[in-house]
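Per Swiss-Prot, the features are as follows:
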ACT_SITE  Lys35  active site, proton acceptor
ACT_SITE  Tyr254  active site, proton acceptor
BINDING   Arg128, Met302  substrate binding site
MOD_RES   Lys35  N6-(pyridoxal phosphate)lysine
Amino acid sequence: MPRPTVARIDLDALKHNFRRARELAGTAYAMAVVKADGYGHGIRSVADALAPETSRFAVACIEEAIAIRGAGHRHSVVLLQGTHQKDDLAECERSGFEPVLHCQQQLSWLGAGRSPRFWIKVNTGMNRLGFRPEELPEVMAGLEEAGLKHLAIGFVTHFACADDSDSEMTGLQTRIFERAVAPWPDLMRSVGNSAAHFRPNQPLYEWSRPGIMLYGASPMEGKTGAELGLCPAMTLQAPLITTRVVRAGESVGYGASWTASQDTRMGMVAIGYADGYPRHAGTGTPAAVRGQRIRLLGRVSMDMLAVDLSAVPEAREGDMVELWGKTVSVDEVATCAGTIGYELLTGVTSRVPRVHE
């Protein structure tokens with residue numbers, strides 16, 4: 001019989017969160033970003049849940065796009081990193097994938113065979129991928145000369161600081177983008193990551209790209225998902241496998257990093273960093289059992305962690321402990337571990353089964 005440690009995926013929560021994104025997008029359409037195996041939730045099941053809600057998905061690479069096709073969905077699929085080799089363009093054309101082209105090498109691959117419809121990435125200040133605004137006239141002229149401009153769908157950029165409500169950079173990037181693409185009003189525009197949906201008066205143009213918000217985690221500094229009207233889609237659970245009383249003066253776990261100041265009832269939970277639970281989540285990190293919040297004690301081990309059961313004396317072996325979900329948000333755990341909810345959700349390992357409900 002398998003270990004009961006599990007990630008439960010609430011498909012209704014996914015749908016709720018997408019509808020929230022669509023509501024915030026206003027007149028823009030919303031493409032569902034399902035990269036990184038649907039942010040750890042299972043790309044095929046996420047695509048199944050959201051297919052009736054959207055006409056476009058977005059992924060990082062062609063393997064993820066192929067997984068969506070393998071699930072039977074014929075939606076347009078945007079490849080946010082474009083293609084990594086020339087031969088992939090023919091597959092994009094055959095399968096209806098839309099690569100985001102961001103460099104001269106990718107442009108040079110066009111026209112060598114079957115060319116797909118594509119987006120063009122504009123670097124407005126994040127300086128990861130994309131053409132600088134002053135390079136766009138030459139890019140577009142080259143496409144016109146090669147007879148490929150008709151395959152261009154639109155322009156894309158990505159915000160560096162949209163999660164920070166006090167930052168002025170998003171407004172600056174928006175203005176740079178608008179000026180850069182103004183000569184081609186017939187092409188569509190896409191700028192809005194999850195955080196951009198929550199910025200008042202932020203233009204989202206024709207297509208927004210909600211990602212982390214679809215899974216119920218917060219994209220905004222200082223705001224919880226619940227405060228933003230989102231529902232957690234993943235509940236990570238593991239069983240209590242033993243309980244004991246640690247006597248005053250005794251310590252728990254590797255490094256003896258926590259010592260009891262008084263007799264304390266504790267339990268061991270069958271989950272650890274080999275399952276994707278963050279090793280740096282130390283004493284005080286919240287969890288929950290029987291609907292009540294508890295706290296971690298000491299260091300997280302590879303396959304186990306310890307919790308303080310003082311607040312829930314009725315807790316017993318076999319009870320399921322929520323590591324994150326509806327009682328304890330993934331963002332709370334991430335803060336305690338010095339990271340972000342994105343990393344935790346995408347980091348749940350393959351030995352934790354996903355149960356879609």
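Backbone N, Cα and C atoms are what each Cβ position is placed from, and that goes for glycine too.
Candidate recorded positions: Lys35, Arg128. Fewest other C-beta atoms within 10 angstroms, Arg128.
Around the Cβ of Met302 (substrate binding site), a 10 Å sphere holds 12 further Cβ atoms from the protein chains shown. Under DSSP, Tyr254 (active site, proton acceptor) is assigned to a helix (H, G or I) in the three-state scheme. Packing around Tyr254 (active site, proton acceptor) is summarised by its Cβ count: 11 other Cβ atoms lie within 10 angstroms of its Cβ, all protein chains included. Straight-line distance linking the Cα atoms of Lys35 (active site, proton acceptor) and Arg128 (substrate binding site), rounded to a whole number, equals 18 Å.
When the Cα atoms are compared, Met302 (substrate binding site) and Tyr254 (active site, proton acceptor) turn out to be 11 Å apart.
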